[in-house]
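Below is one structure, written out as C-alpha cells; the observations come after it.
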2 protein chains.
Amino acid sequence: MKFELTILGCGSAVPTLQRNAAAQVLNVLERYFLIDCGEGTQQQLRRFRVPYNKINHIFISHLHGDHFFGLIGLLSSFSLQNRRAELHIYSDKRLQEIIEFQLKVMNSRLNYPLIFHHLDREPGLIYEDRMMTVHAFPLKHRYEAPVTGFLFAEKEKERNIKREMTDAFQVPVAFMHRLKKGEDFVTPDGEIIANGRLTTAPPAPRSYAYMTDTLFRESFAEYVKGVDLLYHESTYGNEFADLAKETFHSTAGQAARMAVLAGVKHLLLGHFSSRYPDPAPLLEQAREVFPNTDLCYDGAIFELPAVKRG
Amino acid sequence: MKFELTILGCGSAVPTLQRNAAAQVLNVLERYFLIDCGEGTQQQLRRFRVPYNKINHIFISHLHGDHFFGLIGLLSSFSLQNRRAELHIYSDKRLQEIIEFQLKVMNSRLNYPLIFHHLDREPGLIYEDRMMTVHAFPLKHRYEAPVTGFLFAEKEKERNIKREMTDAFQVPVAFMHRLKKGEDFVTPDGEIIANGRLTTAPPAPRSYAYMTDTLFRESFAEYVKGVDLLYHESTYGNEFADLAKETFHSTAGQAARMAVLAGVKHLLLGHFSSRYPDPAPLLEQAREVFPNTDLCYDGAIFELPAVKRG
C-alpha cells in the first residue's frame, strides 16, 4: 500500500547535467501519476526504473517548455510500444491543441485513446476513484502560462475488524460493513458494544501537494492545509527575493513559509535555478523557517509510510 | 582545422538508456552543424561538452519524433540564454509549422532570428561558404516522412606557398594568389617555373555523409561517392532483412554494401533498434562486407585528420 514520490527532474527553465526538466511520478497504491513532463522525462522514467506503462494519468502544471516538452515523445513511445490503455491528461486546454496539431502535421496516430481534461482557474476535484482524489488549485505565474497546483489525497479508509472480538460478540456478517464505517454494535440483548472494541482505526489517509511555478501568496496555504508532503518550488535563495518576484518564482524562505502557514508535515524544495549547482544554501534558508525540509534531486524517492492511529 | 563528428544519440524510434534519440554534431573548421535533434539533444550537448552556442545550422532528416522532438527545447534554451545570432534550420517545411504553432500557442517568442530552409526532393546544394558545402539528397522512408540525406564537404583549398622558393625566384607578391591556384610562374627572362616547385598541395578536402532513416537502394550510392566518412543507419541485423524492408530501414549488411558501392573510406553504423542492447553482431555482419566499419555510441567522436597529398 505504497504512497511514494519519485523525482524525475527538479531543474528549472534551462536543464543542467545534474537536474533534468520538471517531472515526478507519484505512486498511490499502485496508481502511477505523472506530474509534469519536461524534455527527457521518458528517459528519466527508464533511468529510475519506473514501470511507466502503468501511468494512466498525467498532470501538467502549465505551458512552459520545461514542464511539458517531454510529453510528445512519451506519447509517441507509448504508441510505438503498443499501448492500448486510455491515457488521461489534465492540463491547460492549449496543450491539446499543441499535441493534436503535431500529430496531424506528422500524419501520426496514437494506438490508444488520449483523453484531455481541461483545467480552469477554479479550485476543485479533477480525479476520483474508490481510494483517492486529486484536487486542482490555481497558483500565480506569468500571464501566458496560468499555473495549476495539485493535491493528491487518499480517502479515509474503513476501520479494520478485530476478528476475535466480532466472533466473541457473534456480530453477524451482514453487519460487518457498518462496523467498518464506525457504527457501534447492539447485541440481541440490547447491549451496546462500542465500535472501538470491535475494530481498529485504519492508517491515516496520506496526501501530497505540488506547487510550481508560482509566486508566494499567503492565500495559497488554504489549498494544501495539513498535507503530509508538500513540494514547493524554490527557484532562488532568499538573496534573490527581487528576482524571484520579477520572474514569478519563489525563494527557499517563501517555500518554508508556505509549509508553516499550511501546517504541512514535510517540505520538499525543487525547481532550482541553474545558478545553484549545489542547492544546499537553499536548504539551510528553508530549515531556519521550517526544519523538516529536504532537497529534491533527480532520482530521489520520498515514501510516506502508512501510519497507525490510536 | 578540425573535421570532427560527435555522436549525441544513435538510438532508433524508442530510445534506451544506452542510446539517446538521433542527433550528431559535425564540427567543420569550427563551424558546428547539428544533424537531427531527437528528444534530449540539449542535454547530450551539455554532457559531451559541445560548445552548442556555436551551432548556427541545424539539419533535420525527416519528421519522425526521434529525429526532431528535441528541437523545440533546444530553441527555447537558446532563447532563455539570450542567444542573438541567426539560427538556420534545414528541414521538411512542415517542421516550421510545428515549431511556429507551438511558439504561438505558448505566447512565446525567440530572442533571435530563426530561419527555415525547406528541403524538397531534389538533390542539390543547400549550404555554402568560403570553405565548404552541404548537399541534400532524397532517401526512401515511410510515406508520411520523406527523408533527406546530407553531404558535408570541404572545398578544395589553395596550394601552400614555399616561401624560400618564391624568394629565390623573386616571385612578385601580386602573383601569389595565382600561384596558390596552381599556375606556373614565368620569370622576366621567360623561364617557366613549374607550380610544384613553388608550392605544396593542400590537405585533401574531407567529407562526411549522413544517411538515415532509409531503405537500401543501390542508386543512393551516387550521392555519397568516395566520401571519407559515411554514417548509414543499421537499424537491424541481416537476420531481420524482411522487417527492415517492411519498416523502411536498412540492415548492417546493406549499410556495408552502400559503403562498397559508393567507395567510401570509413563506415559508421547507427540508429540501432532497441532490440540490440549490444550492437556488436551488426558490426561483424558489416565488416564481412566492408572491413573499415565502426559502431556509433553516444559520446563517440570520430575525427578526420587533414591528410597531406603528394
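A Cβ is built for glycine as well, from the same backbone N, Cα and C atoms used for every other residue.
The annotation Zn(2+) 1 binding site is assigned in TrEMBL to A:HIS62, A:HIS64, A:HIS141, A:ASP213. What TrEMBL lists as Zn(2+) 2 binding site is A:ASP66, A:HIS67, A:ASP213, A:HIS271. Among the features that TrEMBL reports, active site, proton acceptor is placed at A:ASP66.
The structure, with features from TrEMBL marked on it.
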| residue | record | DSSP class |
| --- | --- | --- |
| A:HIS62 | Zn(2+) 1 binding site | coil |
| A:HIS67 | Zn(2+) 2 binding site | helix |
| A:HIS141 | Zn(2+) 1 binding site | coil |
| A:ASP213 | Zn(2+) 1 binding site | coil |
| A:HIS271 | Zn(2+) 2 binding site | coil |
Can you tell me which binding-site residues out of A:HIS62, A:HIS64, A:HIS141, A:ASP213 are within 10 A of A:HIS271 (Zn(2+) 2 binding site) by Cα, answering none if there aren't any?
A:ASP213
So for A:HIS67 (Zn(2+) 2 binding site), how many other CB atoms are inside 10 Å of its CB?
29
Tell me, how many other CB atoms lie within 10 A of the CB of A:HIS62 (Zn(2+) 1 binding site), whichever protein chain they belong to?
25
Here the binding-site residues are A:HIS64, A:HIS271; which one has the lowest number of other Cβ atoms no more than 10 Å from its Cβ?
A:HIS64
State the count of C-beta atoms found within 10 angstroms of the C-beta of A:HIS141 (Zn(2+) 1 binding site), not counting that atom itself.
21
Are there any residues at least 6 positions away along the chain from A:ASP213 (Zn(2+) 1 binding site) with a Cβ closer than 8 Å to its Cβ? List them or say none.
A:SER12, A:SER61, A:HIS62, A:HIS64, A:HIS67, A:LEU139, A:HIS141, A:VAL147, A:GLU233, A:THR235, A:PHE248, A:HIS249, A:HIS271
For the recorded Zn(2+) 2 site, whose residues are A:ASP66, A:HIS67, A:ASP213, A:HIS271, find every other residue on that chain with a C-beta no more than 8 angstroms from the centre of their C-beta atoms, and list them by sequence position.
A:SER12, A:ALA13, A:ALA21, A:ALA22, A:ASP36, A:GLY38, A:SER61, A:HIS62, A:HIS64, A:THR212, A:GLU233
Using a Cβ-Cβ cut-off under 8 angstroms and a sequence gap of six or more, which residues of the chain neighbour A:ASP66 (Zn(2+) 2 binding site)?
A:GLY11, A:SER12, A:ALA13, A:VAL14, A:PRO15, A:ALA21, A:ALA22, A:GLY38, A:GLU39
Once A:HIS62, A:HIS64, A:HIS141, A:ASP213 are set aside, which residues in the chain still have Cβ within 8 Å of the Cβ centroid of the Zn(2+) 1 site?
A:SER61, A:LEU63, A:HIS67, A:ARG142, A:ALA145, A:VAL147, A:THR212, A:THR214, A:PHE248
